Structures are given as structure tokens and as C-alpha cells.
Amino acid sequence: MTAQLIDGVALSRQIRTELAQRAAALTSRGHTPGLAVILVGDNPASQVYVRNKVKACHDTGLHSVLEQYPASMSEAELLARVRALNEDASIHGILVQLPLPAHIDAHKVIETISPLKDVDGFHVASAGALMVGQEGFKPCTPYGCMQMLKAIGCDPRGKHAVVIGRSNIVGKPMAMLLLQANATVTVCHSATPDLAQHTRQADIVVAAVGKRNVLTADMVKPGAVVIDVGMNRNDEGKLCGDVDFDGVREVASWITPVPGGVGPMTITMLLVNTVEAAERVAAAA
Ligand code: NAP
């Protein structure tokens, strides 16, 4: 079997077309959705990420501001900027690009963002809402993975899902979303002794580790759906995921490519969260 590709670029285009209409409707009512992106320091990868996010906003009819600060910015100065954006009515979502310089406590910064503007879904209020099944912003990457499953008609109900990785921004919320969707969920991590024993039983595998070839063909049940969140570089310096794509695509039924899979969906779900934040404000006005 050769797996079908879950095309994150095409799905993103489809979702963004619909989002542009929602953004235009909000704009006509005086509530143009606004995203503020803060970048501290000159990490080259972060610069690319924030530029892509700002461009995606402009292309979809959202207002966006990019605030760039030197790595010498103090924690107090950054917290003051976040508080000012919390009060800014033209801004519905605030994103502080991670990682931050070592002298700044990222947790403190995230907890300073108003939960009403936490479009990255990293605030403990958002994590708590996800945990207990209340309304809140879902972290963009796992939210995008769930949209991909939906797009291929894969209902997680009754399926065994294995998530590899347990970070606060990908693995843990991914597991919670799959659980909410009635999958039976196993979470694996660096202390899992026999990863393959778990993945071989999975109908859905989500790899979110950050290491090449964590998942190889012999570790995958024939017909499984494989979502590759990882972003790594191969020996030629090209972007690749955590999954041995060429091998696993011969065993799986569906697979996400890297690039062109989860990455574009992450940005798209950021736009979705920002439009939702603006819709909530507009509904309350
Ligand atoms: P992270 O915070 O470094 O977490 C990695 C997780 O993988 C940890 O839970 C770690 O376990 C686990 N792990 C490490 N080695 C393992 C092994 N050999 N077997 C099983 N589990 C292992 O990374 P992250 O922020 O979740 O990101 C994961 C990957 O996704 C990275 O490549 C990142 O660049 C990528 N990513 C992509 C997008 C996108 O939009 N495409 C978005 C976010 C992240 P412990 O907890 O035990 O250490």
C-alpha cells in the first residue's frame, strides 16, 4: 500500500478562503481581527516564522503588527508591552515568539497575556480549559493536526492513537484533543522503553519529537494514519520530519509530508484562533 498524502498546503488554502470571508464580515462591522506578534532577539528561524505569520494575516484580511526588540530587552519591558497590548482594542490575539532570551521567564510572559487574547493557546487558562473540556483557545499545531484528521474523514472515536512526545505545546494538548474525540490515547516520551511496541498497535500515530527517523516502517501498523509534526534537517540540510517518510508511506494509509504538512496548518489555526477571538469581541459589543 502506498499512503495518500494529507496536503497541509491545500487544506490551509481551503480554510483560509473561508476565514477571509469571516474576517471581511468582521471588518464591515468595525472589528477587523488583529494579531500582534512580538519577537525578541535575532534568532533567524524565529524571524522566518514571524514573517510567515504576519504575511498570512495580511493575505487573509487580518490586521497584524510585528514588534521586534533587541535581545537586550528586559523582562519588565516585555511584560509592559504585553500588558499594553492586552488593553489595545485593535488587537484580538497576542503571540510572543518562543524561544525568548535566557534572562526572560517565558512562563511569566505567557501568563501575562490575557487568556482572551491567548491565540497560541499556551496560557495555563487555555491548557486548563482544554483539560476540562471548556471553551478556550486550542494550541495551533495539535488543533491543525485534528483538522487534518477531519479532512480525510478519520474519526478518532474508538481508535487507538499514539502520540510520541509530551511537550506542553504539542504532545500533551494533542493527546487531550484526541481523548476529547474519543480515541484511546497512549503518550510516549524519551523514557518509553519500547516505542515500537506501542506504535505497532496504533491506528493513528502523531510524531512530535524533533529527531529524524523516530518512526520507521517496521514500527507502523499497515493502514495507520501518520501525522508528522517534527521539523528537522537532513544530511543535505533539507527540512524533514520525525518520520522515515519513504519507508512509512509504503505501510500507512495516510501520511503528512514535511514540508507541506503540519507546518502550514499551524499558521492557519493561528489565524482561525485570531478570527474567533475577534468574533467573540464583536458578539459581546
Ligand atoms: P520538545 O519540547 O523538545 O519535546 C519533544 C518531546 O519528544 C519530549 O516530550 C521528549 O520526551 C520526546 N522525545 C525525545 N526523544 C524521544 C525518543 N527517542 N522517543 C520518544 N520520545 C522522545 O519539542 P516540541 O516543541 O514538542 O516539538 C517537537 C517537534 O515538532 C520539533 O521538531 C519541533 O520543531 C516541531 N514542531 C513543529 C511545528 C509545526 O508547525 N510543524 C510546531 C511545533 C513544533 P521527554 O519529555 O521525556 O523529554
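Just so you know, glycine gets a Cβ as well, placed from its N, Cα and C.
Curation does not apply to TrEMBL; its annotations are automatic.
If you check TrEMBL, you get these features:
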- 6-120: domain 'Tetrahydrofolate dehydrogenase/cyclohydrolase catalytic' (DOMAIN)
- 139-280: domain 'Tetrahydrofolate dehydrogenase/cyclohydrolase NAD(P)-binding' (DOMAIN)
- G165, R166, S167: NADP(+) binding site (BINDING)
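Mapped onto this structure are the features recorded in TrEMBL.
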residue : record               : contacts (Cβ under 8 Å, 6+ apart)
G165    : NADP(+) binding site : G171, M174, C188, H189, V206, A207, A208, V209, G210, V229
R166    : NADP(+) binding site : K172, A175, V187, H189
S167    : NADP(+) binding site : A208
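Cβ proximity to the NADP(+) site centre (mean Cβ of G165, R166, S167, cutoff 8 Å) flags the following additional same-chain residues: V163, I164, N168, V170, G171, K172, V187, H189, A208, V209. When secondary structure is read from DSSP and collapsed to three states, R166 (NADP(+) binding site) falls in the coil class.
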